[in-house]
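Colleague: The structure under discussion is supplied below as structure tokens; questions concerning it will follow.
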Amino acid sequence: MQTLKEFQTLTGHSDRAWCVSWSPSGTLLASCGGDKTIRIWGKEGDKWVCKSILADGHTRTIRSVSWSPCGQYLAAASFDATTSVWSRKAGEFECLATLEGHENEVKCTAWACTGNLLATCSRDKSVWIWEVTADEEFECASVMSTHTQDVKHVKWHPCKEILASCGYDDTIRIFREQADDWECCTTLKGHESTVWSIDFDKSGSRLASCSADSTVKIWQEYEPGNSEGVVTTDNISTWKCVCTIGGYHERAIYDISWSQLSGLLATASGDDTICVYKESPSPDSKNQPQFELVARARGAHSQDVNSTEWSPTEEGLLASCSDDGIVKLWKLEQD
Amino acid sequence: MGNLDNANPIVFLATKERNVLPEEEDDIFTDKFDTREIFDLIRVINDPEHPLTLEELNVVEESKIKVDDDANAVHILFTPTIPHCSMATLIGLSIRVKLLRSLPSRFKVDVQITPGTHDSEQAVNKQLADKERVAAALENSHLLDVVNQCLARRATG
């Protein structure tokens, strides 16, 4: 086993902290929450400190934040039905745009790998795709109303313009652009309750999902003409659940992060615990992968853990945040 | 009164005040939360439609409360007066909010409908278990007013 060692506690949020997100360079961490603020944390010497507080963007809870691939923009999704986009220039953040259109709470935002597209999702059951124009404006390119209930999370493929979403209807949907319009090409069913979050692996051919049913599922992409003989239709990949990881969390799993550096999975749960899993060697790792628990921080926070994310640049560095309002930094260490 | 879901509910007798034992008033002892304590918190919640408490309508009962103080767990079943009661979600939300405000934050509170007593049992249970929806609902000032009215102590007599 390995140990998740807490090495810094970042306090400042005056209400529940909903989300943590690393900048692509790994030098900044953004967090947000019920106090309607975004906090930007950075390293000074050996310590992480609060560098900025972005306080006047929203009138209600800020549910999530995400960085553009270039690290110059930060998007924030709020219960006030808007998405704000912040621009970082000379170390200062200013609100560049407020995107309106969703009927009610915006739950999540995500930037495509190219930085040219931004996706948002909401309790209004829709997923929106916004095009980022050369003069820093945002135009709605598509509204997709495939989910039958509120949409909790959106995530782009790491190197293609393929979007995944998940939500309260217990499904995951995959969207692609086809003949100048966006369409849902696949629906993944298997979870028995709300799918709270999803993350792709480094290659983008695998997707991990976590749910209120307390399990994690690993989905494998089978491209048209795959050697396994998995049937595909209309030249669209088929995604199959190849592994279910259960028995480690006692309550809903709210977030999952798949490290691009180590391949490790981390999960955050309403049982106050963070778990880390590693893929173990198996004879057929593509079609029947096996994952083992390598670290578990019980009571990682004093209340529900809402979000966790691996650093994109420092292996084994993990951030988390909780209903207790605290952001924590962890290092995975060998025993 | 013609718009009520259940215009003539059966009214039950309220329980007497709890007998406080001498050691409970002694700060040397650590009291664990028990079912009666949780019941006392929620039995006085007002029904959204009638001038009665949830206890008087038998919506909440001490026997349908489970408390495990060591495991930080509270589990509550509530029983809508009729199977199509449109107020079920609001009642559940009121119970949840009352306990959120009253109990230490270490507790995990689950509020569900007594199995078999409501037409939309699964849907209501799922909604009450979704902390994000509950959080968003409590930022809605109109809904919060309604919840607060359920939680306000009414003058008795």
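Cβ atoms here come from the backbone N, Cα and C positions, even for glycine.
Automatic, uncurated: that is what TrEMBL annotation is.
Marked as repeat 'WD' by TrEMBL: A:10-41, A:55-87, A:99-140, A:144-175, A:188-220, A:298-335.
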Colleague: Go through A:144-175, A:188-220, A:298-335 and flag the stretch with the largest number of C-beta pairs under 8 Å relative to the repeat 'WD' (A:10-41).
Modeller: A:298-335
Colleague: Do you know the mean pLDDT across the repeat 'WD' (A:99-140)?
Modeller: 97
Colleague: Which bits of the chain, at least 6 residues beyond where the repeat 'WD' (A:298-335) starts or stops, bring a Cβ under 8 A of a Cβ in it?
Modeller: 1-22, 24-27, 29, 31, 33, 35, 39, 41, 48, 64, 251, 254-262, 264, 266-270, 272-274, 276
Colleague: With DSSP, how much of the repeat 'WD' (A:188-220) is helix, how much strand and how much coil, in residues?
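Modeller: Split into helix, strand and coil, the repeat 'WD' (A:188-220) gives 0 helix, 18 strand, 15 coil.
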